[in-house]
Amino acid sequence: MEEDSSEREKAATATPAAYYMEETQVNEEEVDPESNSSLHQPLLKRKKTLSSNHLALVGAKVSHIESLDYEINENDLFKQDWRSRSKEQVLQYIFSKWTLACLVGLLTGLIATLINLAVENIAGYKLLAVIGFIKKERYLTGLIYLTGVNFGLTLIAAVLCVCFAPTAAGPGIPEIKAYLNGVDTPNMFGATTLIVKIIGSIGAVSAGLDLGKEGPLVHIGSCIASLLGQGGPDNYRIKWRWLRYFNNDRDRRDLITCGASSGVCAAFRAPVGGVLFSLEEVATWWRSALLWRTFFSTAVVVVALRAFIEICNSGKCGLFGKGGLIMFDVSNVIVRYHAMDVVPVTIIGIIGGLLGSLYNHVLHKVLRLYNLINQKGKIHKLLLSLTVSIFTSVCLYCLPFLAKCQLCDPDITTETCPTNERSGYFKQFNCPNGYYNDLATLLLTTNDDAVRKLFSSNIPNEFQPLSLLIFFALYCILGLITFGIAVPSGLFLPIILIGAAYGRLLGISMGSYSTIDSGLYAVLGAASLMAGSMRMTVSLCVIFLELTNNLLLLPITMIVLLIAKTVGDCFNPSIYEIILELKGLPFLDAHPEPWMRNLTVGELADAKPPVVTLNGVEKVSRIVDVLRNTTHNGFPVVDDCVVPPTGLALGATEIHGLILRAHLLQALKKKFFLPEKRRTEEWEVREKFTWVELAEREGRIEEVAVTSDEMEMYIDLHPLTNSTPYTVMESISVAKAMVLFREVGLRHLLIVPKYEAAGASPVIGILTRQDLRAYNILSAFPHLDRSKGGGKN
């Protein structure tokens, strides 16, 4: 089945990122696995066939997207496997799950430590050299040196991403979120992606670009989990039998959830926040057993981080800063707030929601512009990344000259003022002895140190309003132009920097009207902007409490987060939802549109071609013909003339279940053929197949060779068929079907008729992920567009 031009044009509109790719590249794509042809009998008010186009931007190209099989396939082999498992085998399976969860946390903590060590030392020695040039008044040399080193580091990160692993660019969180929603994102969790992500993150963050390593660490943790679950890279997989039990979509999903939690924990040193981040933001399905394993993984991460921090405290880690698990400690601040402080706290929340939604809107436009540039080729991607690097370096070096030198406060005893060595809150830069440059203190340092300084408390006049205003404006610009270039990048830290800057500005402007410390205003500003942009609340609240080690901040932090999220939701979706839409990934939202209750799944089935069914004992030629001429991934198995166990009816039709395309290919590859049309015995099936093999998805029909004699033979599909598929009646609303589809984690949902009729098929259609997407439904039923409104329910 070939796609017509109208469907391709429609897919381009639905997936803006895919639209900007070269047309020849799109033409080379295979047909969608669940695509549909046009109908001869159009439905009332229906304009065109329900589209099921699976094209999305993953990495650097438009990829062919399929769904994942999270549903348990309860065929005869699966039931036999569970019946035959001994208690020891069940315990071994459970123990293996916990072992893999432990390894995910341990390796994520180790890699996070190595990234931190590398960034602190590379960036530290670079900045020390720049300060040395400035002390000698060799200002031009310092500029050239800083720009050159940053240029080289960015070049390494960009070349690796562009040439070796395009999917390593960006944060990776939207793709992980789509994967856990049931969308197979190609090449997102490979070994090459993992290596490039690690090296690229070190290079990009060390280069002083306005990005963080938090998003990449989430992707790194997920890559580690995926590789452990499948036994290594595709070409070098370990084939141990106990490990093959995890080489299925369902167990792999659980491991990747553990990896995402471990990544957040490693980034912020917040174990509880990491678990809640996965629960609130990335995971679609959750259960208590998964909660325990993710918590165990994050606990292992914290132990690993603590062990390396103890080593670094002895001075064996070069310029790596000392400190414990608390990254931005404000616990020594006496938090005082009164009833009148609700006003500035509310203002911070409103500003955060407005700025967050504005940030999302502008970033959306920038990303669409970058797609136009990136589709021109690899050279343009490199030039874009290097141009941003040069602009960033020049701004970081030159803008501190605009700030006035501040006199060191003689009452400060905890910090040396001024300082040029290692890290310090009072950088001398170009100022005379006894003075410091507050803007240089924020710009000529790592992003982590900049946040730490903005969160600093009990020093209300450390930064002047003009310096904070310049810093805020600069990082707004850098945050918008840096995200989207071909390097690993995270959104967390840029947003925290922007929010902390305007929070501190507001704290200074409030002056004596508020009892809250200006450093705490910075914390609240960062939290409000993250809630306004990312729309997280619970996990964000816990992360900030773990970051700052001050439980007294809980009440006002909760108020700020709730206000910021509420204000932001009034204007646009979260930044990750915007990226998912740009990439065209078919993410199913938690809430159906209100107008979906006005449409039944039976009407959707009428907008699709007739369903392709197979007999329980089917001829090989028929199976080969179906696999070659359709690209569906699931086929109902129907038996005719079945005598029911009860009743007097003769010639009844039975829905035996649903068989997957991958299982049909397995049967053809293993030559599971019968010379006559009959049912197989249990021992015949167990000689050919194991449940573990059926859990794996490999192969294409073009790779299977079937002779002409074999074409006349038969295959018994009953042992391979999922005999308990989910079904819905044709009269059920699309909204209700969508909730079931998403909550259970389905790939196929069978539609059965409301009335049984002699000679009629017991299955009238199959719903897939694309059939439940709002855009596709509105394209086929344009009259529903007039009933839109009221938001989601």
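Cβ from N, Cα, C; glycine included.
Fair warning: this is a prediction, and the values are worked out from it, not measured in the lab.
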Practice item. Tell me which range among 342-362, 510-530 TrEMBL lists as transmembrane segment. Key: 342-362
Check your understanding: Does the transmembrane segment (290-309) make contact with the transmembrane segment (98-119) through 3 or more Cβ pairs under 8 Å, each pair 6 or more apart in sequence?
Key -> yes
Review point. Restricting to the same chain and to residues at least six past its boundaries, which positions have a Cβ under 8 Å from a Cβ of the transmembrane segment (98-119)?
Key: 198, 201-202, 205-206, 213, 217, 220-221, 224-225, 228-229, 246, 255, 258-259, 262-263, 265-267, 293-294, 296-305, 308, 312, 317-318, 320, 446
Point to revise | Whole-number mean of pLDDT values that fall within the domain 'CBS' (607-676) | key: 86
Check your understanding: In the domain 'CBS' (720-786), how many residues does DSSP put in helix, strand and coil?
Key -> 27 helix, 12 strand, 28 coil
Practice item. Helix, strand, coil: count each for the residues of the domain 'CBS' (607-676), based on DSSP. Key: 19 helix, 24 strand, 27 coil
**Study point:** Leading contact stretch, 255-278, 342-362, 382-403, 466-485 vs the transmembrane segment (140-168) - CB distance under 8 Å
**Key:** 382-403
